[in-house]
Amino acid sequence: MEAVVTPAVRGVRAGCRCLRYGAGSERKWSLQSKQTSVRFCSTGMTLDNINKPAIDRIIRVDHAGEYGANRIYAGQMAVLGRTTVGPVIQQMWDQEKDHLKKFNELMVTFRVRPTVLLPFWNVAGFALGAGTALLGKEGAMACTVAVEESISEHYNNQIRTLMEEDPEKYKELLQIIKKFRDEELEHHDVGLDHNAELVGIEHLFIAVDHCYASGCDGLFVQMKV
């Protein structure tokens, strides 16, 4: 069967990308902690010498993205966990759990406040994962491909930013991001290997509607305010 790449496919990808990286609306939030210098392992990266706004933005957005991804995979497993593709989804989910754990640690280390949209990711991420999984293996994998394509591009942008800033200072953070990017690309390829591009056109319109029902369209507005 020939792969179908239509405006509807792009709509699914846009909706999934929005869910994964729409964490741009935040309120003032304070973290009570001792004002001591924190060193990032063996590098010279400390709270005193980093570009704090840039690092905050990177860690906060990546944390929100990994949280959303975990909820997407949870939704997919709720529907497809007992099928033949269940172990494949579980393996990708396990890697996403490791990613989220690391960003949880970085949030504490660098005193980064989380996005206020985490409750939304909790519900909408699960709904998107379960909703696309209800379309079958191909529907779930189409969502996976869209998300992982977006995050790999996003990680590449972060890598360029840190390389331009100071590659030696941010060496360990760069290693983390590069590792996670490579694993996301693996997930992307797994989705393609499982016929993500072969979703029927009628199913794609359902998936697009599901993305909008999850509130993705409204997030674009929130990101601008």
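Numbers here mean position along the shown chain, with the first residue as 1.
Just so it is clear, glycine is given a Cβ too, placed from its N, Cα and C backbone atoms.
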Cross-ref TrEMBL: Fe cation 1 site GLU66, GLU96, HIS99; candidate in list GLU172, GLU184, GLU186 matching that site is GLU184
Which one, GLU148, GLU149, is listed by TrEMBL in the same Fe cation 2 site as GLU96, GLU184, HIS187?
GLU148
Out of GLU66, GLU96, HIS99, which of these binding-site residues is nearest HIS187 (Fe cation 2 binding site) by C-alpha distance?
GLU96
What is the number of other Cβ atoms found within 10 Å of the Cβ of GLU184 (Fe cation 1 binding site)?
27
Of GLU96, HIS99, GLU184, i.e. the binding-site residues, those within 10 Å of GLU148 (Fe cation 2 binding site) when Cα atoms are compared:
GLU184
Cβ-Cβ distance under 8 Å, sequence separation of 6 or more, same chain as GLU66 (Fe cation 1 binding site); the residues meeting this, in order, are GLU96, HIS99, LEU100, PHE103
